[in-house]
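> Got these off Swiss-Prot a minute ago, pasting:
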{"type": "TOPO_DOM", "residues": "29-451", "note": "topological domain 'Extracellular'"}
{"type": "REPEAT", "residues": "102-125", "note": "repeat 'LRR 1'"}
{"type": "REPEAT", "residues": "127-150", "note": "repeat 'LRR 2'"}
{"type": "REPEAT", "residues": "151-174", "note": "repeat 'LRR 3'"}
{"type": "REPEAT", "residues": "176-198", "note": "repeat 'LRR 4'"}
{"type": "REPEAT", "residues": "199-223", "note": "repeat 'LRR 5'"}
{"type": "REPEAT", "residues": "225-247", "note": "repeat 'LRR 6'"}
{"type": "REPEAT", "residues": "248-271", "note": "repeat 'LRR 7'"}
{"type": "REPEAT", "residues": "272-295", "note": "repeat 'LRR 8'"}
{"type": "REPEAT", "residues": "297-320", "note": "repeat 'LRR 9'"}
{"type": "REPEAT", "residues": "321-344", "note": "repeat 'LRR 10'"}
{"type": "REPEAT", "residues": "366-390", "note": "repeat 'LRR 11'"}
{"type": "TRANSMEM", "residues": "452-472", "note": "transmembrane segment"}
{"type": "TOPO_DOM", "residues": "473-915", "note": "topological domain 'Cytoplasmic'"}
{"type": "REGION", "residues": "482-503", "note": "region 'Disordered'"}
{"type": "DOMAIN", "residues": "527-811", "note": "domain 'Protein kinase'"}
{"type": "ACT_SITE", "residues": "657", "note": "active site, proton acceptor"}
{"type": "REGION", "residues": "851-915", "note": "region 'Disordered'"}
{"type": "COMPBIAS", "residues": "859-870", "note": "compositional bias 'Gly residues'"}
């Protein structure tokens, strides 16, 4: 009996202990979860995040966005795409100290969220469980802490698209579990650490768009699992290591835009899985190995452009089964095109073999390409049917009956040097003797023909040259009058820095500092190729540091190459125009007769083309890019700069080179317009002058000669392509050299409609994370882009109206709901409908339809001939109302309709018709 009581008592005590134990566990978990919730609330406060994402009353593991838990503990935080409160937006900081106590945290993603500041040292001390760290596009600056090498569990490290500087820490070579490493689009300097050779699990290595120098470490050949390798846009030198041929799993191989030298290693033939090989824009030379690619190669893109390759291109390169792009332009390749046939399923996108020395006849192998640039070679014979159309360029060859070909003497000499015959474009040999009678007959006909041709030429010359002489005389008289009004003594020391004789005169004392040639030599290390940023059409750009350590960009212009007109125009522009949206001009050096130098402030984020796009770390084709807020900021900044040139300069200035690469970005992504050497006063280009005199119709597109007419609507068209590039994330839409841009725009524009917002998601950059409000802003920008891309120049909006629209994007797509009366709503709908019709209704109309729309717009304006002016004034009132809200004018305080933000283009169409 006693034993039974003892057993029962023991069982009760055991049960009591278990209850107490589980109670302690539950209490501990509750306290732990509560403390972690407090940590996240502190993080929300320090980063200024909105409470709707992390509400105080919710359970972080259940109700909070971006939180991942395991066994009740927080192990993952994703705040990418989060929006800040109004106060949080005013002063964003890298303030994440509360994370220090989340020792089990294995995932942290803040990509796209502005975190200006340096990465804390304690990241590599307190967060040792981290497996994923993504701080891409976070405005992080400073150096990468050496302690990150302690995060040995790390599998993904993405620090791309920031402002990180100094050396890449060698301690990153200790992250042996790392599979994704992306350091692209920063300002890293120095050499790539040899310790990276230890990262044997690496699948992606991207250090593109930095300032790295020195050789590529041969030890990288040991990274046998590597799939994506991108070292482009740096200053790597020395030959390509043959050890890279051991990367047998490599799919993407990009070493373009560096200073690599030597020949292509034979060992690269082992890269049988390659889909992309880009080694263009280097100093490579020699011949390509014949067996570099096999007939079973998976290669889709081959870029060898702008090197010094010679010899023949291996025949297999033309018939690669999956080839889409072949770009070998600007080399010394030579030989005949192969006569091999192709499979009809092997249609490729583009081939660019321009500026080489290929010769002979064009062969059927070209049938597989949709877009072809064959210019600058020595092809002869007749142009085949399959090499025609607007997507083909064959200029500067030796083709028969084609325009803009090389002189026959040059072609004959080229073929003679190779022991080949040339038929002189198929013309008969005029040196053969003829009979006396035939000679007499030909002579009489010749006299008649020459007389007729001579008379016609004389008439044309009189009709064309006389107006030109009159215009030049008037301009000369006007300039003389201006010089008479502006004569003054020149400052001391200015004489040595005068523009060349015959140039437009301007005041150099207002153009920044006059640098000496020795200063610029020292700043650029004697213009070392390692400091070369890019070769531009108006001069080569070098990075450098002045004596006081200020980073600068120096444009080197070779006057002997005929580039003097561009720099003179640029100096004249800077002497007369000044605006915060133009690239800061620091000075010049004009003391050298054959070379001139212009000095600009260094833009830390380069240009839009290099800051917007980068390859995704995934194997897909997606692009990862700037967040939407930054894109809209860039679009507005560029529009403000162009609006200044168009509307605040007299006469209006046309930029003529608006594209992503001419939109420069400082360290805060503020826009500065560059590439100003092409700027002209509206209507001042030579062809435009002739068109005005003869009343010929003008086009806003480049002419066949490559000269663009200087009218503001051309800038608007190009700006529309930039906006479309920002919306879609498609690389190179705004580039004038991109042959695919026109085709893509024709495919994308039907998805832009003022009536259906969801359509725009079909072309939206997939890397953008946007909520409903932001999607409406995207929609609005797409609508503005489409209006800019109207094929009729007179129906494109003015740039100042585009600025208003980008400042108020939601008003472009939202109807006014503040008005209560039916008549007000009717006016709103009518106004919006007119704007829709102005943008889209005439997209495919003829010129007569445009006139009809203009007449209708004038009539609806309710004032006879004043309808157009009324629309223009409404836009101006809206702008002034934004700056003077207390003037008592009710019209300035009401919400503007979409047609007021960007008035109907028909209202100002007459102005451009008279240009």
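Yeah, the Cβs are placed from backbone N, Cα and C, and that goes for glycine too.
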> Go through the chain and flag residues at least 6 beyond the ends of the repeat 'LRR 1' (102-125) whose CB is under 8 A from any CB in it; none is fine as an answer.
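Result: 36, 39, 47, 66, 68, 70, 73-82, 92-96, 131-151, 153, 158-159, 627, 769.
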> Residue counts in helix (H, G, I), strand (E, B) and coil for the repeat 'LRR 8' (272-295), per DSSP?
0 helix, 7 strand, 17 coil
> Far apart in sequence but close in space: which same-chain residues, 6 or more away, have a Cβ under 8 Å from residue 657 (active site, proton acceptor)?
675, 678, 718
> Helix, strand, coil residue numbers for the repeat 'LRR 9' (297-320) per DSSP?
4 helix, 7 strand, 13 coil
> Looking only at the repeat 'LRR 7' (248-271), what are its DSSP counts of helix, strand and coil residues?
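Summed by class, the stretch gives 5 helix, 7 strand, 12 coil.
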> How many of the residues that make up the repeat 'LRR 6' (225-247) does DSSP mark as helix, as strand and as coil?
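The repeat 'LRR 6' (225-247) comes out at 5 helix, 8 strand, 10 coil.
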> What same-chain residues lie close to the repeat 'LRR 2' (127-150): Cβ under 8 Å, and 6 or more beyond its ends?
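Tertiary neighbours of the repeat 'LRR 2' (127-150) are 75, 80, 92, 94, 99-100, 102-121, 156-169, 171-175, 177, 182, 624, 626-627.
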> For the repeat 'LRR 5' (199-223), jot down how many residues DSSP puts in helix, in strand and in coil.
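Helix, strand, coil within the repeat 'LRR 5' (199-223): 5 helix, 7 strand, 13 coil.
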> Can you give the mean pLDDT for the repeat 'LRR 1' (102-125), rounded to a whole number?
91
> Going by DSSP assignments with H, G and I as helix and E and B as strand, what are the residue counts for the repeat 'LRR 10' (321-344)?
0 helix, 8 strand, 16 coil
